Amino acid sequence: MAAGTLYTYPENWRAFKALIAAQYSGAQVRVLSAPPHFHFGQTNRTPEFLRKFPAGKVPAFEGDDGFCVFESNAIAYYVSNEELRGSTPEAAAQVVQWVSFADSDIVPPASTWVFPTLGIMHHNKQATENAKEEVRRILGLLDAHLKTRTFLVGERVTLADITVVCTLLWLYKQVLEPSFRQAFPNTNRWFLTCINQPQFRAVLGEVKLCEKMAQFDAKKFAESQPKKDTPRKEKGSREEKLKPQAERKEGKEEKKAAAPAPEEELDECEQALAAEPKAKDPFAHLPKSTFVLDEFKRKYSNEDTLSVALPYFWDHFDKDGWSLWYSEYRFPEELTQTFMSCNLITGMFQRLDKLRKNAFASVILFGTNNSSSISGVWDFRGQELAFPLSPDWQVDYESYTWRKLDPGSEETQTLVREYFCWEGAFQHVGKAFNQGKIFK
């Protein structure tokens, strides 16, 4: 029987999979999710942690015998028993099928729809509507499968049920209001059956289903961003002007003493995003630019793209300090399933994480399964491609063709508008918009 420690951050739905599986199998799993034992964004970046888990990702599991494994599905499998994994080769294959389905088909649209309502991702109306329809399709697929079944595989709970329930959890809690979910009675029955099992309740507690579909809250999104010092300082400076000089001085001293407070207000995920390691700035050799990228990103995240963010972009764009580029994936014939194509974009963005302060991009997947393409518009600091400035940034860029754009041309104006808004004819592509991702 497995026994060990699970490193994660609080309320991580991916960690729930292993914890529920352990409730069924009897595996002894200790959870470290809060300081001083585990500080997400700090502990998982230490040399000691990275020696055990090179990716630095959580959840991560360390067995009492020294065995280490990361990735939530692998951990859940490890702490499970034969019954959860599938007691026959056929059942085991079906369990893997549903676990894979959850990651490939449910996670992308669920994230696109739910994350903006939680204030952790930019909202795009068209993308959200597409995600809603995809979720509707998925719930319908599950509903048909569960019409004559109590559980996804066999007659008892397996890892298939645990994984799919955890993947659907935030949908049911945040956006699947009664009028939306009522069309899927079999899926609802199965979901409620699972979450009310003692083993699920021991981990999830009482799950309250959504009563009213949550909407994107621009204020919540702005507050959730790690870069929020500037607005606070501006607000503070306006308030300071209204105070007498002596009182302002006293207030400044109090603020200095309370310097750590803003970081304490961030949740664990935000602290990880904010905790960038100190390194030499590859763009330090460039002259100062009048274009403030962070301000544009705030406009893009919190205001209407077409009427506010785009006019701001062109009004403030510094053509000497920044450059625009069009990229296109070189090997469209290798693109098969759209979720896999989307993962190419996500993976590239993750590997370019330290470039975010000096770049912005909208990359779009066009088309359908086995007939798709990837292209995007990028805004880089400087006049050359940024990738050669750091070996960390050179993994993916050679898989794309790059063409520098003329900021003053009509073609560039159209490309920027269509790619930043995720709306338009996209005549140069010849395929319909599927989904997009923003690098910011």
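Count begins at 1; order follows the chain as displayed.
Cβ atoms here come from the backbone N, Cα and C positions, even for glycine.
The compositional bias 'Basic and acidic residues' annotation in Swiss-Prot covers 221-257.
If you look up Swiss-Prot, you'll see K256 marked as SUMO1 cross-link, on the strength of similarity to another entry.
Summarising the environment of K288 (SUMO2 cross-link), the number of other Cβ atoms within 10 Å of its Cβ, over all protein chains shown, is 6. Marked as SUMO2 cross-link by Swiss-Prot on the basis of similarity to another entry: K288.
On the 0 to 100 pLDDT scale, the model's mean across the domain 'GST N-terminal' (2-87) is 93. Residues or ranges marked as domain 'GST N-terminal' in Swiss-Prot: 2-87.
Positions annotated as domain 'GST C-terminal' by Swiss-Prot: 88-216. For the domain 'GST C-terminal' (88-216), DSSP puts the residue distribution at 92 helix, 0 strand, 37 coil.
Look at Swiss-Prot and you will find 279-440 tagged as domain 'EF-1-gamma C-terminal', backed by sequence analysis.
Taking a C-beta cut-off of under 8 Å and a sequence gap of six or more, A2 (N-acetylalanine) has these contacts in its own chain: A22, S25, A27, Q28, V29, G63, Y78, V79. Positions annotated as N-acetylalanine by Swiss-Prot, on the basis of similarity to another entry: A2.
Annotation comment: Swiss-Prot describes K147 (among others) as N6-acetyllysine.
Annotation source Swiss-Prot lists N6-acetyllysine at K212 (among others), citing similarity to another entry. All protein chains shown were included, and the count of other CB atoms within 10 Å of the CB of K212 (N6-acetyllysine) stands at 9.
Contacts of K404 (N6-acetyllysine) defined by a Cβ separation under 8 A and a same-chain sequence distance of 6+ are given as S323, L324, W325, in order along the sequence. According to Swiss-Prot, the N6-acetyllysine annotation covers K404 (among others).
K437 (N6-malonyllysine) is surrounded by 21 other CB atoms, counting those within 10 A of its CB over all protein chains shown. Annotated N6-malonyllysine per Swiss-Prot: K437, in sequence order.
Look at K437 (N6-malonyllysine): DSSP puts it in a strand. As annotated by Swiss-Prot, N6-acetyllysine applies to K437 (among others).
Per Swiss-Prot, the feature region 'Disordered' maps to 221-267.
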Neighbouring C-beta atoms (10 Å sphere around the C-beta of K147 (N6-acetyllysine)): 10
Between K437 (N6-malonyllysine) and K288 (SUMO2 cross-link): CA-CA distance (Å): 28
Between K437 (N6-malonyllysine) and K212 (N6-acetyllysine), the C-alpha gap once rounded to whole angstrom: 27
C-alpha spacing of K147 (N6-acetyllysine) relative to K212 (N6-acetyllysine), in angstrom: 26
